[in-house]
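Down below is the structure, laid out as structure tokens.
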Amino acid sequence: MQTAESMVHSQVEEGLYRQFGREQFTVQPTADSILTLWVPRALLSDILRFLKPQFSMLYDLFAIDERTRENRSGQPAADYTVVYQLLSMERNDDIRIKVGLSEPDLSLPTCISVWPNANWYEREAWDMFGVVFDGHPNLYRILLPPTWEGHALRKDHPARATEMAPFEMGPERVAKEQEALRFRPEEWGMEKASDDSEYMFLNLGPNHPSVHGVFRVALQLDGEVIVDSVPDIGYHHRGAEKMAERQTWHTYIPYTDRIDYLGGVMNNLAYIQSVEMLGGIVVPERAKIIRIMLAELFRISSHLVFYGTFVQDVGQMSPVFYMFADRERLFGIIEAITGGRMHPAWFRIGGVSQDLPEGWDTMIREFIDYLPARLDHYDKMAMQNKMLKERTVGIGVYTKQEAIDWGITGPGLRATGCDWDVRKKRPYGGYDQFDFDVPVSHNGDCYDRAELRIEEIRQSIRIIRQCVDNMPGGPYKSDHRLTTPPPKERTMEDIETLIHHFLNVSWGPVVPTGEASVMIEATKGINSYHLVSDGGTNSYRTRIRTPSFPHLQQIPLISNGLMIPDLIAIIASIDFVMADVDR
Amino acid sequence: MSELMPVILALTILISGVAGAAVLTWFERRLLGVWQDRYGPNRLGPLGIGQVVADMIKLLFKDDWIPPFSDRVVFIFAPTAIVVAMMMGFAVVPFAPGMMIIDVNIGLLFFLGMTSLAVYSVLLGGLASNNKYALLGGLRSAAQMVSYEVFMGLSLMGVVMMTGSFSLVDIVEAQTEVWFCFTQILGLIVFVIAGIAESHRLPFDLPEAEHELTAGFHTEYGGMKFAMFMLGEYLGLMLISCMIVTLFFGGWHGPMFIGDWLPPFFWFSFKTFIVICFFVLLRAAIPRPRYDQLMSLGWKVMLPITLVNILITGAALLWIEGVA
């Protein structure tokens, strides 16, 4: 695909060819026109190191089981593929590096020394596919329990319990599981004692009031001071990526709602846009603006939850109730429009599920007129509180460089002075038509992260107001063969439309072969679904890149040396949901 | 009859103290509900007051579990200590003229002593549980209470100097004309803050700090033993409120501009009620400081304030004496 964008890549491409030789690379065309290069394993480390100065962030790292994929013409032979997606914020550019591995020898060198956030991604790839990263310091399972057998995202691993032998928890199994739960500090890279004192190990979570779900941090304490901390995830893992391989393109939409469960339709947007890119679907204006409006309403809802719980976690009891009451009003509107509340699953391939109901605009106008005054009120109540400031200012600081090194996106990145917002840098789905600011702050501490999100609520209100004032008319669904469910008006009039409707609803749409991922600025950072279509009614591989995953990984970096209450403030200021981490 | 009076009064206080604490749990939740835009318990009985009974029944019938890894004897002793100590504290509270269990000339010291004993409850509860969260809670409470005790005692010295007596009756009578909340404003501020710290309620609930230490020192407690801790906390709240009224707000005296035409006991309980409401409002409004911030507030701000207060009071008293 020769588009204007691929011309931008050429500079990087030429550089690589000059350095390593053109014959080493195979270019793979993708639907999203991100430069995708297959490289030989032997050169991988050098190439990644060569690319690092230009692509400062490791955006994503994942594997694909290629063994049952039928349509991969032009791609080098491989049983498994490891994909490195790199992001350059300065030049607003991406690149994908792919390495093919063959079955008996699934190993490749680690790239932790190039991007520190590769650590968890590589563990995940090992956990899910059995790809070994040589030189990785702790290549243990990360999402699945240590006693799990097999690698769950391999094509030959069962996807359902009914495909496996009945699960039995006999005494032997109990003993094994219990033994696996035993905490040994050495395995977590922690020492039992220093020269002059013995450390206390505190297991914070997975069941703890302030970890926002099932998140565990093992703490090595000296008094109440955190000497070392190791986050442990996987308690909320539900195999969302595996489920995508069984569901049709259409029926997977409700699963996406539950990834970032505070983001609602925002998740649909990331998924649907990738599908639409694969299918080449152009969405009508009205659908675009409806989507943006709903997505921004959910951004407000998510940020309100953040605001309330953040303030509550530093010990202020009341504000969370006000914010939840406001969120309740918001859900009233969302319910009136979509019929659902937290997980409406309302966006569809090629548009949205229904047209807006009568009177939607008055409801939203009332809400956006009401909210700013409330926010001022909360600001006085919570953010201007001196005790809250003392708890959060200067706590959990990281710099812009550290944020980029650790793959931090969204408000967490913008609090360090970097104004990278996908809505501005790569206006997707119609954001280019809106007038709004990207709030930026510079201290990178807990307080700034919170304050920035509150400013984002105000900006979202601005966007929603523009949506209400300028909602275009026209269809809410695209007139495209892949639109699901297809427009039904003419089904009873001609047989072609009827058959088409029948197939698309019962069997599901067949999305053309290819690969695509589209970034969106989700509530918590950059979210994208890397979809691989093998020309079937379901996705061959769905990789969900979520913002919360890397955000948790860098907790030790900013909390070691502080006290337990500081860790709680840091955890609160990160704004994650565990489903968004574990998927 | 007069010999029986203290006994009857003691029984009354015992019963009404427990009942009061129980009602206070309901009252606090309702009041928080009002401030927080929600209902609070409102289903059982008029205004939901039946919730108190339901809670009591639930707590009474819970399995009385003692963790096998705990120190059994201390584990059982800890929750009783706080209730006993707080109850004893009520012995010296002058509710109205002649309406107190015992009028000792060291009433104030007795009160301070009893609240100090309550520390052991939290401390021992945290230690005996053999749980890391409980231990951290116990550690925090030890540091917090021991240091805040110092200011609590010192903050009252101004009152004592002005009265010339440790007897609470004398203190109340010394306020017939001017309440000490005007003349001892610094002492009042420090005493209120130290009082919240002593009864470890938000914002000074660091030993408990549910967001950090799950439930702190009483993580392992359930059923009646947990109820005892709660009872102790609410008794503490009532006791501190009674003392604030006694020491700074004229005890049983009516406000100056209204006069004493209503019964003294009414004024006392009314003022105590207002102070309790104030404590509940504090809980609703303020975030929790970090443990080291609380300590530095204590030693760097509160201690100097109390010392300055003692100096000013002493100087003023001497000056007045000189003029006279």
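From the backbone N, Cα and C atoms, a Cβ is placed for every residue, glycine too.
Keep in mind that TrEMBL annotations are predicted by a computer and have not been checked by a curator.
Taken from TrEMBL, the feature transmembrane segment applies to B:73-96, B:108-129, B:150-172, B:178-197, B:234-253, B:265-285, B:297-320.
Below 8 A, the CB atoms of the transmembrane segment (B:108-129) and the transmembrane segment (B:265-285) form no more than two pairs separated by six or more positions in the chain, fewer than 3 in all.
Against the transmembrane segment (B:234-253), stretch B:265-285 has more CB pairs under 8 A than any other of B:150-172, B:178-197, B:265-285. Here the transmembrane segment (B:178-197) lies next to the transmembrane segment (B:297-320) in space: the count of CB pairs under 8 Å, restricted to residues six or more apart, reaches at least 3. Long-range neighbours of the transmembrane segment (B:265-285) within the same chain, counting only residues 6 or more positions beyond its ends whose Cβ lies under 8 Å from a Cβ of the stretch, are 24, 27-28, 31-32, 35-36, 95-96, 99, 196, 201-203, 237-238, 240-242, 244-245, 249-254. Residues 147-148, 150-151, 154-155, 157-158, 161-162, 184, 186-187, 189-190, 193-194, 197, 289 of the same chain, all 6+ positions outside the transmembrane segment (B:297-320), place their C-beta atoms under 8 angstroms from a C-beta of that stretch.
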